[in-house]
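Trainee: As annotated in TrEMBL:
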type: TRANSMEM; residues: 20-39; note: transmembrane segment
type: TRANSMEM; residues: 46-69; note: transmembrane segment
type: TRANSMEM; residues: 75-95; note: transmembrane segment
type: TRANSMEM; residues: 116-135; note: transmembrane segment
type: TRANSMEM; residues: 150-169; note: transmembrane segment
type: TRANSMEM; residues: 190-211; note: transmembrane segment
type: TRANSMEM; residues: 231-251; note: transmembrane segment
type: TRANSMEM; residues: 283-302; note: transmembrane segment
type: TRANSMEM; residues: 314-333; note: transmembrane segment
Amino acid sequence: MLQDPVDFEWSYWIEWGRERILWLLAGHVLVSQVSRLFVEKYKPWCLMVYGMAACWLLLGIKGFAVILLHATISFAVAQFQLSLLTWLCSLILLSTLRIPAVEEAKRKWYDTENEYYLLLFTVSVRCLFCTSFSLEYCWHGTAQKSSHSFLWMLAYVFYYPTFHNGPLMNFDEFSKQMRRKEAFSLKTNLSILIVGIIRIFFWWCLAELMIHLMYIHALYSSAPPLEAASYWALGGLALAQVLFFYVKYLVLYGVPALILQMDGLKPPALPCCVSLMHSFTKMWRLISVKSLITLLICRFAYRYIYVPMGGSQSSLLGTLFSTALTFAFVSYWHGGQSYLWYWGALNWLGVIVENSVKRMLSISLIQDLI
């Protein structure tokens, strides 16, 4: 049976997973379990070396050098302990990914477009990790220099399960959990692995069924079927696409989350079903860590943009500004195309409208009328 070929992200990561990434993740699990068993004290450095080797193998010496250069520049700028300077550095490094001449030069490093895109996706995600480390360094100051050394930054940036596509753990979470001493049981870890593989296999089968039977993305890419459909049918298609997105990320983030558990770390919570969401604002809040949208970039934006800018604790104008800035960064990180700015603006408007209605309904007079 033919499958829907339009969802690039699913096809891309499944192909890479089958070819190399799953094998490299299996190697990471092996190194992790052996180091936890025999050299627990040196586990972060063993995993760092393995991550560097895996990066070199997949992205080549030039791709490895780009990521190492980004990390080095970010660390050097973080020494000034100025959050604004750190953000400026991060945005400049992110903008280099969109310079046509630089893009062309990087394309020449590889034989196929898929290899170039792997570098592009990896560096984009690594930018978030570098920014997280640098901002945590700025906020903690020199008091915790030993836990915010360049070596720890490399261990964080080259941690392989989250290397290509996330999910994101902020540096403080990663560092504290990686340092934590706990009892190691090979039997317990084996049971976690078996149960986790069964669950991920079920989600993968469900996603493949949707790809082979529903053709949601193919329908969206053709105007005539959409123009002929009723509003109820369009609503059903929209829901089907969001549900596929949810199942897809149960697989794509379920694999690294399972490996994080095997490493003794607590992974970011996987998404809950979007059909259970009834609040637009709740979709964007870090408090609702299980919401689909907070998987990677928005979790990052909430902690490092929305809260530092005042968030809901500031004035009405301050809340509007911090929310707008959050959505602006999310849109820019995803590529900054015009449709992404429209998407960000509409989401910002949705959050503002919902919050405004909530404030109106909290007025005692209106509550009495209700």
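Note: Cβ is positioned from N, Cα and C throughout, glycine not excepted.
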Trainee: Would you kindly list the residues that approach the transmembrane segment (190-211) from elsewhere in its chain, counting only those six or more residues past its ends and only Cβ-Cβ distances under 8 Å?
Mentor: 3-4, 7, 10, 29, 240, 243-244, 247-248, 250-251, 254-255, 258, 261-262
Trainee: Counting CB pairs under 8 Å, which listed stretch among 20-39, 46-69, 116-135, 231-251, 314-333 touches the transmembrane segment (150-169) the most?
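Mentor: Stretch with the highest Cβ contact count: 116-135.
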Trainee: Test of understanding: applying the rule of at least three C-beta pairs under 8 Å (pairs 6 or more apart in sequence), is the transmembrane segment (46-69) touching the transmembrane segment (116-135)?
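Mentor: Between the transmembrane segment (46-69) and the transmembrane segment (116-135), which are separate recorded stretches, there is contact, as judged by 3 or more close Cβ pairs.
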